[in-house]
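S.K.: Sharing a structure with you now.
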Ligand code: 5GP
């Protein structure tokens, strides 16, 4: 069992059939030591890729992406979900369906911070149905940048995200893949 799987078993809480709450270390309170190990692990997994920039989506992805970025020595750009008067007018935008909120939202990245030919690694906390990842892929394509990989802390392997990203030939690494969460009991797929 790896350190992410261990942490999930110790602190994760299953809600209903398909939601995992990890508020004690990732989504509300943040365990920085744990994130640091995640940063090291993603650096190992993507060591052969040229990475110019790490992309994520606000809010939960930001802390994870920032710690990873220290190992890659690159900046982080996070897609904005909330409307803000401060955001540049010139943006790349994509519509995303939120699995947890059961509604659509628009993610936006200023054209100033994503350029043609840049090699981009997308980092996020969860992979469920792959909608956030597809939204980011769409923005990266609009910019003429290259999506060199996707790093996910917790993948829910019983949802369709991986199949969709595999079909697109995306280089995907997850640190833990949940096979099922029946009656609150979590089991993992071997990596
Ligand atoms: P997807 O876009 O792959 O359908 O869903 C991924 C996004 O939804 C993640 O960025 C995460 O914020 C949220 N998400 C999906 N499933 C879960 C879950 O079981 N627990 C938590 N905490 N967030 C989830």
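From the backbone N, Cα and C atoms, a Cβ is placed for every residue, glycine too.
Straight out of TrEMBL:
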BINDING   20, 27, 156  xanthine binding site
BINDING   128, 129, 130, 131, 132  5-phospho-alpha-D-ribose 1-diphosphate binding site
DOMAIN    34-159  domain 'Phosphoribosyltransferase'
S.K.: Does anything in the same chain, at least 6 positions from residue 156 (xanthine binding site), have a Cβ under 8 Å from its Cβ, and if so what?
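M.R.: Listed in sequence order: 18, 20, 126, 127, 128, 178, 181.
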S.K.: Relative to the Cβ of residue 132 (5-phospho-alpha-D-ribose 1-diphosphate binding site), which residues of the same chain, six or more apart in sequence, are found under 8 Å away?
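M.R.: Spatial neighbours, sequence-distant, of residue 132 (5-phospho-alpha-D-ribose 1-diphosphate binding site): 57, 96, 107, 124.
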S.K.: Round to a whole number and give the Cα-to-Cα distance in Å for the pair residue 129 (5-phospho-alpha-D-ribose 1-diphosphate binding site) and residue 27 (xanthine binding site).
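M.R.: Rounded to a whole number, the Cα-Cα distance is 19 Å.
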S.K.: For the recorded 5-phospho-alpha-D-ribose 1-diphosphate site formed by 128, 129, 130, 131, 132, name the remaining residues of the chain with Cβ within 8 Å of the site's Cβ center, in chain order.
M.R.: 96, 97, 99, 127, 133, 134, 159, 161, 164
S.K.: With xanthine as the bound species and 20, 27, 156 as its recorded binding residues, calculate the greatest Cα-Cα distance and give it in Å as a whole number.
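M.R.: About 16 Å separates the two most distant Cα atoms.
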S.K.: Across the domain 'Phosphoribosyltransferase' (34-159), what does the pLDDT come to on average, as a whole number?
M.R.: 96
S.K.: Distance check, please: Cα of residue 131 (5-phospho-alpha-D-ribose 1-diphosphate binding site) against Cα of residue 27 (xanthine binding site), rounded to an integer number of angstrom.
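M.R.: Rounded to a whole number, the Cα-Cα distance is 19 Å.
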S.K.: Where residue 130 (5-phospho-alpha-D-ribose 1-diphosphate binding site) and residue 27 (xanthine binding site) are concerned, what is their Cα separation in Å, rounded?
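M.R.: Each residue's Cα considered, residue 130 (5-phospho-alpha-D-ribose 1-diphosphate binding site) and residue 27 (xanthine binding site) end up 18 Å apart.
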S.K.: Around the xanthine site formed by 20, 27, 156, list the extra residues of the same chain whose Cβ is within 8 Å of the site's Cβ centroid.
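M.R.: Not counting the recorded site residues, we get 12, 19, 21, 22, 125, 126, 154.
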